[in-house]
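Feature annotations, courtesy of TrEMBL:
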BINDING   GLY24, LEU25, ASP26, ASN27, ALA28, GLY29, LYS30, THR31, GLY71  GTP binding site
BINDING   THR31, THR48  Mg(2+) binding site
Amino acid sequence: MGLLDIIKSFKSGSGREIRILLLGLDNAGKTSILKQLSAEEITNVTPTRGFNVKSVVTNGDIRLNVWDIGGQRSIRPFWSNYFENTDALIYVIDSSDRRRFDETSVELMELLDEEKLRCVCFLFFSLLCNLLFCILKVVLDVPMEAISQ
């Protein structure tokens, strides 16, 4: 079952809108993912100062409102301003930047502990997907068996 299937099961009726937050440290690839989702060229991507938002209509009648929030240290305290009415959160990890695993771990754990996000679907996205399980094990300090189930 994919993320959209899970979200669809919570939302009913036609003309459904799904609010998705893209969060992660600066330079993790959030804006590139947003551009890819909206079929834009992924050239000249600049750091997000604040946020970018795009609406993407999927096959069917579902509108994805995707919010790409900047990941700079100075912007992260404001992430919580975007939590309300969020249906899904995509946390982007730059798996090639091992120097920042501790930093991304702290931010991710704060999000997972956030009361306003208790009923939100989480998706972990890595630009090097074959390393994702290893990275999540390092970041979350969770046994591999728990991650892969």
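Think of each number as a place in line: the chain as shown, counted from 1.
Backbone N, Cα and C define each Cβ position, glycine as well.
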Cβ within 8 Å of the mean position of the Cβ atoms of GLY24, LEU25, ASP26, ASN27, ALA28, GLY29, LYS30, THR31, GLY71: remaining residues of the chain near GTP:
THR48, VAL92, ASP94
Let me check the 10 A CB neighbour count of ALA28 (GTP binding site). How many other CB atoms are there?
23
For the binding-site residues GLY24, ASP26, LYS30, THR31, GLY71, which one has its C-beta crowded by the most other C-beta atoms within 10 angstroms?
LYS30
Residues GLY24, LEU25, ASP26, ASN27, ALA28, GLY29, LYS30, THR31, GLY71 binding GTP per the record - widest CA separation, whole Å:
11
Pairwise Cα distance for ASP26 (GTP binding site)/THR48 (Mg(2+) binding site) [Å, integer]:
8
Using DSSP reduced to three states, classify GLY71 (GTP binding site) as helix, strand or coil.
coil
C-alpha of THR48 (Mg(2+) binding site) to C-alpha of ALA28 (GTP binding site): distance in Å?
11
Collapsed DSSP category at ALA28 (GTP binding site):
coil
